[in-house]
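Here's what TrEMBL has on this protein:
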BINDING   107-114, 190-194, 248-251  GTP binding site
DOMAIN    269-282  domain 'SRP54-type proteins GTP-binding'
Amino acid sequence: MFENLSDRLSKTLKNITGKGRLTEDNIKETLREVRMALLEADVALPVVREFINKVKERAIGEEVNKSLTPGQEFLKIVQLELERAMGEANESLNLSTQPPAVILMAGLQGAGKTTSVGKLAKFLRERHKKKALVVSADVYRPAAIKQLETLATSVQVDFYPSDVTQKPVEIVKSALAEAKLKFYDVLIVDTAGRLHVDTEMMDEIKDIHQALNPIETLFTVDAMTGQDAANTAKAFNETLPLTGVILTKVDGDARGGAALSIRQITGKPIKFLGIGEKTDALEPFHPDRIASRILGMGDVLSLIEDLQRSVDHEKAEKMAKKFKKGDNFTLEDFREQLIEMKKMGGMMSMLDKLPGAKNLPAHVKNQVDDKMFIKMEAIINSMTLSERAKPEIIKGSRRRRIALGSGTQVQDVNKLLKQFDEMQRMMKKMRKGGMSKMMRGMQGMMGGMGGMGGMFRR
Ligand SMILES: Nc1nc2c(ncn2[C@@H]2O[C@H](COP(=O)(O)OP(=O)(O)OP(=O)(O)O)[C@@H](O)[C@H]2O)c(=O)[nH]1
Ligand SMILES: [Mg+2]
């Protein structure tokens with residue numbers, strides 16, 4: 001997510017160091033590079049201009065904070081201005097109305113509307129305990145209605161049937177009546193993709209809007225279209241009053257121009273990011289967290305939220321206690337951690353959010369291959385419980401048996417045991433050391449895992 005922009009900005013910003021204070025002169029070159037980075041990321045020109053002016057104003061006007069170096073100070077200003085451009089705070093869905101709260105989706109063809117309906121329905125059911133009903137008013141694209149039905153089933157949310165012989169306005173009216181009758185909290189309405197220049201189709205969605213009086217009208221748009229995303233949102237908003245934006249396919253967008261342009265060009269907040277094809281790949285949009293991700297400072301808060309959501313709490317607590325008391329971290333614990341990690345979407349999605357992970361050499365990152373965890377798990381699965389508790393008893397013949405049982409080589413087992421030994425030592429250090437040591441430890445561990453990756457790649 002936003003790798004190119006992030007790489008360029010963090011490289012550029014490293015260059016302001018060793019100067020007594022920030023002056024127009026000494027930030028000129030850096031500002032020029034920041035500007036280039038933003039333009040290359042396809043941020044809309046007016047947004048770039050405003051951004052650069054604001055940063056300049058603040059950097060020169062700012063009282064020098066004694067505790068920060070000029071470089072740190074400049075970085076802080078850039079971060080705050082990135083946040084401001086994206087809207088400062090998270091704007092959550094507004095559902096405070098007489099139920100059912102209606103959410104209407106709109107957007108171009110293929111933007112990700114239907115997928116997002118599924119993700120939102122799941123999000124509302126799981127995290128807000130809402131009873132949601134979904135309906136499709138897409139009578140144009142073959143199989144569009146069936147697509148939503150399949151999605152609804154997979155996220156365990158009720159689906160209101162419709163068919164292509166019906167008029168979209170009639171479909172949504174009867175879905176709304178059903179939602180009222182059955183006391184649904186939320187009704188999410190999927191619509192056909194359309195262009196803002198297609199007056200007939202725009203009239204249709206205006207009629208749908210009028211029939212539903214939705215509390216949220218969300219424009220779904222593909223992040224990979226860059227600043228065009230902001231322009232199409234603006235054009236739609238002229239006919240259809242939008243309340244927010246869902247920015248999709250952010251997982252494939254290295255540039256970030258859409259995320260940075262939408263707020264300022266349209267005045268509408270981005271409410272969610274779509275970060276993958278799966279139904280749980282939806283993230284509430286937090287400008288501050290995205291800003292620090294862009295600057296390579298990681299997004300620890302989202303990482304913690306991911307962890308809290310997907311980790312088995314009882315197990316996590318047990319682990320934390322163990323950790324504090326200094327009990328032995330066993331191979332069985334290690335195995336449980338591997339399983340939890342898999343649940344969270346694997347190492348790569350975590351790595352994206354870790355501060356400093358950006359600075360890991362590419363060859364290390366490339367080796368963090370989620371397949372290797374599956375293999376590590378298989379090796380531990382082939383051990384007996386007493387072996388997992390006391391790895392030191394695993395000698396020659398046991399190693400051969402374990403390798404055979406897990407379909408690996410004896411060297412693989414050897415390396416896993418060595419790796420595990422290093423991990424135990426690192427945890428001891430972390431207990432003594434606190435956060436900064438932990439970060440260093442993390443990097444060490446990643447390096448170590450890179451080694452493991454190497455061993456499993458054949
Ligand atoms: N990688 C990625 N793919 C996505 C995301 N959201 C949607 N997609 C994919 O984009 C394609 C189009 O998604 P749909 O949800 O069918 O788009 P739509 O806006 O409903 O399309 P129409 O109904 O034809 O207008 C599908 O292949 C989705 O899997 C996302 O956040 N990340
Ligand atoms: Mg669709």
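Just so you know, glycine gets a Cβ as well, placed from its N, Cα and C.
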Which one is it: of the binding-site residues GLY107, GLY110, which Cβ has the fewest other Cβ atoms within 10 Å in this structure?
GLY110
Run through the Cβ atoms and count how many others sit within 10 Å of the one on ARG194 (GTP binding site).
20
Same-chain residues at least 6 apart in sequence whose Cβ lies under 8 Å from LYS113 (GTP binding site):
MET105, ALA106, GLY107, ASP190, THR191, GLY193, THR220
Is it possible to list how many residues within the domain 'SRP54-type proteins GTP-binding' (269-282) are helical, extended or coil according to DSSP?
0 helix, 6 strand, 8 coil
According to DSSP, folded down to helix, strand and coil, what is LYS113 (GTP binding site)?
helix
Local confidence of the domain 'SRP54-type proteins GTP-binding' (269-282) - pLDDT mean:
94
Given the binding-site residues GLY110, LYS113, THR191, ARG194, return the subset with CB under 6 A from an atom of ligand 1, ordered by sequence, or none if empty.
GLY110, LYS113
Starting from the Cβ of VAL250 (GTP binding site), draw a 10 Å sphere and report how many other Cβ atoms land inside it.
24
Taking the Cβ of THR191 (GTP binding site) as centre, how many other Cβ atoms lie within 10 Å?
28
Candidates near ligand 2 among the binding-site residues LYS113, THR191, VAL250, judged by a Cβ under 6 angstroms:
LYS113
